Amino acid sequence: MPHRAASPAMSENEFDITGALFQNDSDSDNEQPSAKSKRQPPKKVPSQALDFLGDVNEDDDDDEAFIAEQQTSANRKASNLKGRTVKKGGGFQAMGLSANLLKAIARKGFSVPTPIQRKTIPVIMDDQDVVGMARTGSGKTAAFVIPMIEKLKSHSTKVGARGLILSPSRELALQTLKVVKELGRGTDLKSVLLVGGDSLEEQFAMMAGNPDIVIATPGRFLHLKVEMNLDLSSIRYVVFDEADRLFEMGFAAQLTEILHGLPANRQTLLFSATLPKSLVEFARAGLQEPTLVRLDTESKISPDLQNAFFSVKSSEKEGALLYILQEVIKMPTGPTEVSQQRKEEDASAKNWKNKKRKRAEMEKAVNMRESPTKHSTIVFAATKHHVDYLYSLLSEAGFAVSYVYGSLDQTARKIQVQNFRTGMTNILVVTDVAARGIDIPILANVINYDFPSQPKIFIHRVGRTARAGRKGWSYSLVRDADAPYLLDLQLFLGRRLVVGREFGDQVNFAEDVVTGSLPRDGLSQSCEWVTKVLDDNADLAAQRTVAAKGEKLYMRTRNSASLESAKRSKQVVSSDNWTSIHPLFQDETSNLEAEREKMLARIGGYRPPETIFEVNNRRMGKHENVDALDTIKRVRTTLESKKKRAQANEKSEFLEDASDDEKAANEAGENENEGAFSDEDDDVPTGVADNMSMASDSELEVTFSSYSQSKENKAKKASAASFQNPEYFMSYTPNNNSLVEDRAYGVHSGTNSNFAQASRSATMDLAGDDGGRGFGEARTLMRWDKRHKKYVARQNDEDGSKGTRLVRGESGAKIAASFRSGRFDAWKRGNRLGRLPRVGEAEAPNLTAGLNAAISGKRFRHRKEQAPKRADPLRGDYEKMKKKAELAKERAMSKAGGAAPRGKSELKNTDDIRIARKLKQKRREKNARPSRKK
């Protein structure tokens, strides 16, 4: 019987697959292929679904790859989305995403992809490794979540997680989980959150339930990997969110062990707002021919963000903070509108007779809509001691405050952040734990109470506001000691430095670095109030003392500013404009008020030329304190000699610099290839400005070269430029790369950011054959711990163990011995579980219950029903309890359909009958046994 002709009907997605079913365009079995024609396998297309654990069959793989490619092309058609307006030129519809994912994206509120999403999503869909950098608030989370959901598609019944997202902080991981759930609607993908502070037993149950996506922090994920002996060979999609923070020294031990267990054929993605151009610092990530996408390298921060920097003294920081909150932001005191509304609802619920159970109130609190107020402000402090102190101080001032720091309990952290998100509080005081990735809608202001020591920390802090096209403000308190860091930030951003009112009205807070002081009257009133509160409140004064001690340790361990900025900051701080009124208050103060402020500032900075001993000696004419006078004279003589030598050195250096600059300018003018820097920005030094030229995205040079800002090297480069042929000359330093920017973006910042300095400190220790000491300088293995008053091992400082016992992991790196505590084995015994399924095997249905309960949030709901207690006639509320018991009985009767409680069924099944027959037979044999008595 001949085969019927091919059906002309199109397939469901409007494309015909008969071309793949029949070779040589034959539509039926009647046509015989020619003898010369050979069977050509279809062109293999990279699979869009990460299901590599299936049966290995080449023909099936080819068919699946072809169908996946056709499905992707069909998804790109505008006709696939009926009744929707399709934007031309690179919308989400043109990326080949499925209909369910497009609906979730539209439900999320995304209409047009952001630049980072438009650049990275197609590359990720082509199974390439990506290193992506874009400014804060540009949609980097959706840039890697959308292709992950498209690749995973649906839940796999085979054991093994396929996606892994690592985040440096718990709040960022929680936020990523929320985005994954919102974009994963319409799919049955299962995702879990593994962060520190949560119950290990619950996380054991979730991991045993075979999740598809794991969102975790490195420490807790490594703990579960070692404790449960997890096999990570099934993971095909790895994301390092905020990669520059993850690859710093704090996470070195965790990442080494985690990366060792990941398969080599995985797809690796690195995302952050501050990534260096040199990828050598991420060599441990195992990138394979990555695509580097660096956007917004010139802007770095949002153009909608306006910045203000206030010069204050150390004793005025608390008063300055209160003045900014009260007068600049206009922060209201007392409870917020949301909290008042909540109290009214609670009061009405108490008056309601048939009020619901507390569980319903808890659900209502959890499901509250995130609606921060227009006054929502984040205050960044240096240490957790500062956070506690500022929380108490601002609460004393009447503000609604929340606080978060690293060592806070995880449940408390969730509650505090949720209160701020829902508008229960207006102020969130945090350390840098919340500086990365936290996306709080309608956040209006950011205050840097302690100025950051690195420019990239400043970028992440102020990036919490002015997100997704909204406006925002950042206010920073700058002391005299913080001025070098301010100049480093100004050079990094490449913006003009405006000190005081030197430029008059021509100030742009979004494009300039504008500094100045706060109005003296309001600042002095706030400082007086703080002093009064500290005198009246002993607990607050004790917290301030602890914060001062913590600040000493923080100042000792923070990174140092550049030498050029330190020299330049002395001139900036000593100028009169440093203490002048900030241009932000130009409308409020007249010129006469500005002169008054200058006079008060000069009086405040007055230093008497004589000491009290010299003044008394000159007035009284007596020589009572001869020893003190002699000591002061010797000190004064020494200081004067040092000052003269310093002035002479500065004069000689100035003359040398002027001559070197003149020579370099003359020789550089002869060379046409050397580009001259624009003179529009007088605040940026010429040498630094030459190094701040932006590089193109396609360049991927990896450089270890060190750069010196000394005048001698500049003169040598300028003199050598005469014989350099630009067509053949290859410099050992990059010409177009901004070294200032790369140093600020560096992962190992501080002293180890320079390769030359790091190479000097690198040593190779060889032990002698006889075990004796060598001739070289022996390295001290112990150091003195000032806090604990004892010697501790230096190795503990390097690996972060701080004296805890260490064991060797699979990669050879040292990990904490507490990771192998045996709690997982105890959990299995407690739940009566035997051997768990391995990677590649089918999942066990009884193990998925824990994961499903965790996803639905029903872990803590009890189902037990008990009869109410009998009312006690001797109690005063006897009638009330009696009515309550009667209502409970009526509710139980109505629940059972009005009938009496059903008894146990007496019908026997086959097993019961079989067991009963066996017992009856045993009794019969026992009764028929003859008696032993004779």
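Don't overthink the numbers, they just go from 1 along the chain as shown.
Just so you know, glycine gets a Cβ as well, placed from its N, Cα and C.
So that you can see what the record holds, here are the features copied from Swiss-Prot:
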type     : residues                                                       : note
REGION   : 1-57                                                           : region 'Disordered'
COMPBIAS : 21-35                                                          : compositional bias 'Polar residues'
MOTIF    : 90-118                                                         : motif 'Q motif'
DOMAIN   : 121-293                                                        : domain 'Helicase ATP-binding'
BINDING  : Ala134, Arg135, Thr136, Gly137, Ser138, Gly139, Lys140, Thr141 : ATP binding site
MOTIF    : 241-244                                                        : motif 'DEAD box'
REGION   : 334-358                                                        : region 'Disordered'
DOMAIN   : 361-515                                                        : domain 'Helicase C-terminal'
COMPBIAS : 639-654                                                        : compositional bias 'Basic and acidic residues'
REGION   : 639-688                                                        : region 'Disordered'
COMPBIAS : 669-684                                                        : compositional bias 'Acidic residues'
REGION   : 854-934                                                        : region 'Disordered'
COMPBIAS : 865-893                                                        : compositional bias 'Basic and acidic residues'
COMPBIAS : 903-915                                                        : compositional bias 'Basic and acidic residues'
COMPBIAS : 916-934                                                        : compositional bias 'Basic residues'
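Structure coloured by features recorded in Swiss-Prot.
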residue : record           : contacts (Cβ under 8 Å, 6+ apart)
Ala134  : ATP binding site : Thr114, Pro115, Ile116, Lys140, Ala273, Val293, Arg294, Leu295, Asp296
Arg135  : ATP binding site : Ala273, Leu295, Asp296, Ser299, Lys300, Ile301, Ser302, Ile459, Gly463
Thr136  : ATP binding site : Ala273, Ile301, Ser302, Ile459, His460, Val462, Gly463, Arg464, Arg467
Gly137  : ATP binding site : Ser302, Asp439, Gly463, Ala466, Arg467, Ala468
Ser138  : ATP binding site : Thr114, Pro115, Ile116, Ala273, Leu295, Asp296
Gly139  : ATP binding site : Phe110, Pro113, Thr114, Ile116, Gln117, Ala468
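The compositional bias 'Basic and acidic residues' (639-654): residue composition by secondary structure is 16 helix, 0 strand, 0 coil, according to DSSP. Within 8 Å of the Cβ centroid of the ATP site, not counting the listed residues Ala134, Arg135, Thr136, Gly137, Ser138, Gly139, Lys140, Thr141, the chain contributes Thr114, Ile116, Ala273, Arg467. Annotation note: Thr141 (ATP binding site) sits in a helical segment as assigned by DSSP. Using DSSP to sort the residues of the motif 'DEAD box' (241-244) gives these counts of helix, strand and coil: 2 helix, 1 strand, 1 coil.
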